[in-house]
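Undergrad: As listed in TrEMBL for this protein:
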- H72, C86, C89, H90: heme c 1 binding site (BINDING)
- H107, C126, C129, H130: heme c 2 binding site (BINDING)
- 1-24: signal peptide (SIGNAL)
Amino acid sequence: MKRILFAALVLAAAVPALVTGVVAADGQPGPRVSSGPHPITLDVPAESTNREIVDDVKRVRNYADQPPLIPHAIRDYQIDLNINKCLTCHDRRNTEGSQAPMVSVTHFQDRDGQTLGTVSPRRYFCTQCHVPQTDAKPIVGNRFRDFDAVLGAGPAKEGAK
Ligand code: HEC
Ligand code: HEC
């Protein structure tokens with residue numbers, strides 16, 4: 001009985017140390033809520049979200065085989081086994097009605113370089129490579145320089161998208 005009591009006492013003494021140990025392990029205070037400390041019942045305006053860039057203007061490609069960025073909204077565009085919303089505009093058969101640029105011939109090629117009659121399965125999930133943009137500020141800097149800048153043939157283009 002005494003032993004059990006002793007063990008319980010040791011545990012009780014250790015628990016606070018364990019808990020503070022977790023919180024202060026890296027010397028940092030606990031997580032901060034960005035909206036700041038305020039009574040939980042207070043209505044605080046939500047932080048603004050970043051706007052999608054949907055101006056329909058082509059973005060320059062930083063190197064020749066970069067997948068072009070998507071300059072239009074794609075929210076709710078479904079891509080699954082049954083439907084590929086992107087292809088309803090970008091497929092060879094549909095570009096007359098949509099006036100969208102056709103997917104290039106590389107999208108019809110399988111991995112052996114054979115050109116198929118339709119878009120190759122490996123190019124089916126468009127957003128694997130093509131991404132829309134927002135006006136969010138980059139979290140980390142970027143010192144990318146394109147080919148012309150490296151050769152000194154053109155203006156230095158740093159911080160490209
Ligand atoms: C309603 C028709 C339509 C749909 C659906 C659509 N697009 Fe587009 N897309 C266009 C048109 C038109 C353009 C030409 C630029 C513009 O008007 O926005 C374009 C431009 C693009 C470009 C830029 C091409 C370049 O040369 O710069 C990319 C990449 C692109 N779309 C990818 C996609 C992807 C990926 C999807 C599906 C998630 C998609 N699009 C769905 C009509 C569409
Ligand atoms: C594996 C990556 C990848 C996937 C998946 C992919 N693309 Fe592309 N796409 C590229 C690359 C790289 C380019 C530029 C070079 C080229 O044409 O191959 C491109 C070019 C394009 C262009 C511009 C064509 C031109 O001639 O200017 C359009 C439009 C496009 N893709 C739409 C799509 C759509 C729609 C899908 C889905 C059905 C898709 N892509 C899937 C990588 C991809």
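Placed from the backbone N, Cα and C atoms, the Cβ positions cover glycine too.
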Undergrad: Please report how many Å separate the Cα atom of C86 (heme c 1 binding site) from that of C126 (heme c 2 binding site), as a whole number.
TA: 8
Undergrad: 10 Å Cβ neighbour count around C126 (heme c 2 binding site)?
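TA: So the Cβ neighbour count for C126 (heme c 2 binding site) comes to 21.
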Undergrad: Just jot down the residues in the same chain as C89 (heme c 1 binding site), at least 6 apart in sequence, with C-beta under 8 A of its C-beta; none if empty.
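TA: The list for C89 (heme c 1 binding site) reads T95, S98, A100, given in order along the sequence.
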Undergrad: Among the binding-site residues listed here, C86, C129, whose Cβ has the fewest other Cβ atoms inside 10 Å?
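TA: Lowest Cβ count within 10 Å among the binding-site residues (C86, C129) is C129.
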Undergrad: For the recorded heme c 1 site formed by H72, C86, C89, H90, name the remaining residues of the chain with Cβ within 8 Å of the site's Cβ center, in chain order.
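TA: So the additional residues around the site are I70, I74, Y77, K85, L87, T88, S98, A100, C126.
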Undergrad: Have a look around H107 (heme c 2 binding site) and count the other CB atoms within 10 A of its CB, chains all included.
TA: 21
Undergrad: Of the binding-site residues C126, C129, H130, which sits closest to H72 (heme c 1 binding site) by Cα distance?
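TA: Out of the listed candidates, the nearest Cα belongs to H130.
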Undergrad: How many Å separate the two farthest-apart Cα atoms among the heme c 2-binding residues H107, C126, C129, H130?
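TA: The span, Cα to Cα at its widest, is 13 Å.
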